[in-house]
There are 14 protein chains.
Amino acid sequence: MGLLAAGIGAGIVAIGAGLGIGMIGKAATESIARQPEASGDIRGAMLLTAVFIEGVALFCAVICALIIFLG
Amino acid sequence: MGLLAAGIGAGIVAIGAGLGIGMIGKAATESIARQPEASGDIRGAMLLTAVFIEGVALFCAVICALIIFLG
Amino acid sequence: MGLLAAGIGAGIVAIGAGLGIGMIGKAATESIARQPEASGDIRGAMLLTAVFIEGVALFCAVICALIIFLG
Amino acid sequence: MGLLAAGIGAGIVAIGAGLGIGMIGKAATESIARQPEASGDIRGAMLLTAVFIEGVALFCAVICALIIFLG
Amino acid sequence: MGLLAAGIGAGIVAIGAGLGIGMIGKAATESIARQPEASGDIRGAMLLTAVFIEGVALFCAVICALIIFLG
Amino acid sequence: MGLLAAGIGAGIVAIGAGLGIGMIGKAATESIARQPEASGDIRGAMLLTAVFIEGVALFCAVICALIIFLG
Amino acid sequence: MGLLAAGIGAGIVAIGAGLGIGMIGKAATESIARQPEASGDIRGAMLLTAVFIEGVALFCAVICALIIFLG
Amino acid sequence: MGLLAAGIGAGIVAIGAGLGIGMIGKAATESIARQPEASGDIRGAMLLTAVFIEGVALFCAVICALIIFLG
Amino acid sequence: MGLLAAGIGAGIVAIGAGLGIGMIGKAATESIARQPEASGDIRGAMLLTAVFIEGVALFCAVICALIIFLG
Amino acid sequence: MGLLAAGIGAGIVAIGAGLGIGMIGKAATESIARQPEASGDIRGAMLLTAVFIEGVALFCAVICALIIFLG
Amino acid sequence: MGLLAAGIGAGIVAIGAGLGIGMIGKAATESIARQPEASGDIRGAMLLTAVFIEGVALFCAVICALIIFLG
Amino acid sequence: MGLLAAGIGAGIVAIGAGLGIGMIGKAATESIARQPEASGDIRGAMLLTAVFIEGVALFCAVICALIIFLG
Amino acid sequence: MGLLAAGIGAGIVAIGAGLGIGMIGKAATESIARQPEASGDIRGAMLLTAVFIEGVALFCAVICALIIFLG
Amino acid sequence: MGLLAAGIGAGIVAIGAGLGIGMIGKAATESIARQPEASGDIRGAMLLTAVFIEGVALFCAVICALIIFLG
């Protein structure tokens, strides 16, 4: 049962990270194209929020990995 | 049963955090591109709401982690 | 059975909070970019509604946490 | 069985409240940005509808909490 | 089985009320921002439809609460 | 089995009524904001369709309530 | 099994009627706001299609009610 | 098993008819508002397609009703 | 098992026909409103595609009806 | 088991054909309204793609019908 | 079990082909209406991609048909 | 169990290929209509990405076919 | 159980690759139509991201193929 | 059970990566078409976020591969 959870959970984590960072990356590239001279500020906000998501996603992926070894 | 919950729950937490912070990050980068001189206020609102989501998401991820050790 | 509920429930709570506060944060950053001088009023409305959601979400997350210890 | 219901039900309640109040908060911040001088009327309508949703959501969350203690 | 229904049903009721009243509240705040002088008529229509939804939602929530005590 | 149906059915009824009347209320408030002088006709059409939905929804909710007492 | 069907079926009927009549009511109120002098024709088309949906929905709701008494 | 099918099938039939005729009714009312002098042609096309859907929906609802009596 | 299939299958057939013909009817009424003098050509294309869908839907509904008598 | 597949499969086939041909019919009627003099070319492309979908849908519906007689 | 797969699989194949070719046919008819003199090039690209989808869909439908005879 | 997988998997493969190539074909026909003189470059990019999807889809369909013979 | 996973997993992989590369191919063809002289840069970005997706998809498809031979 | 998880999990990982990188690639190609001279900055932001997603996706795919060998 634990293995089932680990595999599907890992897949859902990837969806979460993909959708979240994908939306940010989409907005960032479009914003830079609209305001090239503000690319520093944009890249800062992009990294800040992408790292928030990356952190939660890795934390959750580690939970899934833990299940394989402990479960 | 608990392990199943931990893995899938962790995955869904990642979707929640990804969608929420992704929407905020998307809006923030676009807003900075539209009004570079208001980037301080925008970054403030961005951080405030992103931290709200991050808090709930980590709280829920910890619940999932607790299930592995207690369940 | 209770553990299953706690994990999945916690995940769904995170989606609810993420979507809700994400929509508010998205609108707030875009609104500040459109009207920087009204950022006080906007931040007030943003906090008021975000706190409503945060309250329900934490209440529901606590229910999920209760299930682990009582269930 | 009751615990399963309590956890998942609490999660779904949070989605309902999040989506509903999120939509209202999104519209309210955008409306204030468009008409800062009507922020009193807007905040009134915002609170009125947000409280309707908050009421139903808390009522439903209490049902879920009841299930843990009675079920 | 009845408890399962009560919890999940209560959650779905909250989604219904949240989406419905959320859409109305969203439209009402945006409408007041567009036509502040018609806020009386708008608030009237808003309350009328919100109360329709609130009525159905509370009726359904009471059904769910009944299940706990009778089921 | 009947109780399961009553709870979940009641929840789905609330979604149906919420979405339907929510769409109508949203359109009505926006229409009044666009044409305040036609608010009588608009309120008439709004009530007519909202009552259609309310009728079906209450009929279905009563079916769900019947299940508790008969099932 | 029949009771399960009656409850959930009734709920889904309400969604169908809600979405369908909701879309019509939304369009009718917006159309009257755009062309107040054509409100007679609009109300005619609105009633004609709403009654089509109402008919099917009530027919289906009666099937669900039949299941309780016969099933 | 047949009763389960009849109830849920009837519900889904109502969704199909509701969505389909709802879309047509929505377009018809909006079209009449845009071109009041072409309301004859529009009403013709509206009735023609609505009757197509109504026919299929009633045929399917009768199948569901048959299941109760034969199944 | 066959009866379950007949009921739910009939419901899904109705969704397919409803969505498909609904989209066509929606486009046709809007097109006639935009170009009343081309209503002949539009009605031709509308009937041609609606009949394609109607044919497949009736064929599938007959399969569902066959299941009741043969299954 | 085969009968279950035949009924539900037939329903899903109808959705596929309905959505696909519905989209084509929608676009065709709107295109003719925009360019009445190109209705020959448009009708050609419409028929070509609608027949592709019709072919696949009938092939799949026949598979479902085969299941009833062979399964 | 194989028959279940054949029926539902065939249905899903029809959705895939319907959505894919439907999107292409929709775009092609709209494109011809916008640029009637480029109808040759448009028809070429339309056929090329529609045949790609048709190929995959028939390949998959044949797999489903194989299951009936071999499974 | 393998046959179940083969049938449903083949269906889902067809959805994947249909959606992907459908989106590309839609964009390509619209692009050619907008810029007929760039049809060479557009057809090149269209083929390149369509072949990527076709490759993955056929690879996955072959996996499904393998399951019938090996499983 | 492994075969079930291989077939459905392969299907989902095809959806992932189809949606991802489809979105990229759609944007690329539209971009080339808007800026034919930048087709080199556009084709570069298109290939870079399409290959990222292709890589993950093939890696996942190979996992599914492995399951057939090892599982 | 583990094999089931590996196959489906791998498929979901591919969806996550496909959607995420697809959104980024779509935005990047469109942005380069709008601002060819900023293609360096755009390609930088594109790569940065695509690599974030690629990292999470490969990490999750490796978890799925691990399940086959360990589970």
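Residue positions begin at 1 at the first shown residue.
Glycine too: its Cβ is placed from the backbone N, Cα and C atoms.
Positions annotated as domain 'V-ATPase proteolipid subunit C-like' by TrEMBL: N:4-67.
Here TrEMBL flags N:Glu54 as site 'Reversibly protonated during proton transport'. The Cβ neighbour count for N:Glu54 (site 'Reversibly protonated during proton transport'), using a 10 Å radius over every protein chain in view, is 20.
Sequence annotations record features per position, and here TrEMBL assigns transmembrane segment to N:6-24 (among others).
Tertiary neighbourhood of the transmembrane segment (N:45-70): same-chain residues 2-3, 5-6, 9-10, 13-14, 16-17, 20-21, 24-25, 27-28, selected by CB-CB distance under 8 Å and a gap of 6+ residues from either end. According to TrEMBL, the transmembrane segment annotation covers N:45-70 (among others).
In the three-state DSSP classification, N:Glu54 (site 'Reversibly protonated during proton transport') falls within a helix.
On the 0 to 100 pLDDT scale, the model's mean across the domain 'V-ATPase proteolipid subunit C-like' (N:4-67) is 89. As a summary of secondary structure, the domain 'V-ATPase proteolipid subunit C-like' (N:4-67) carries 63 helix, 0 strand, 1 coil according to DSSP.
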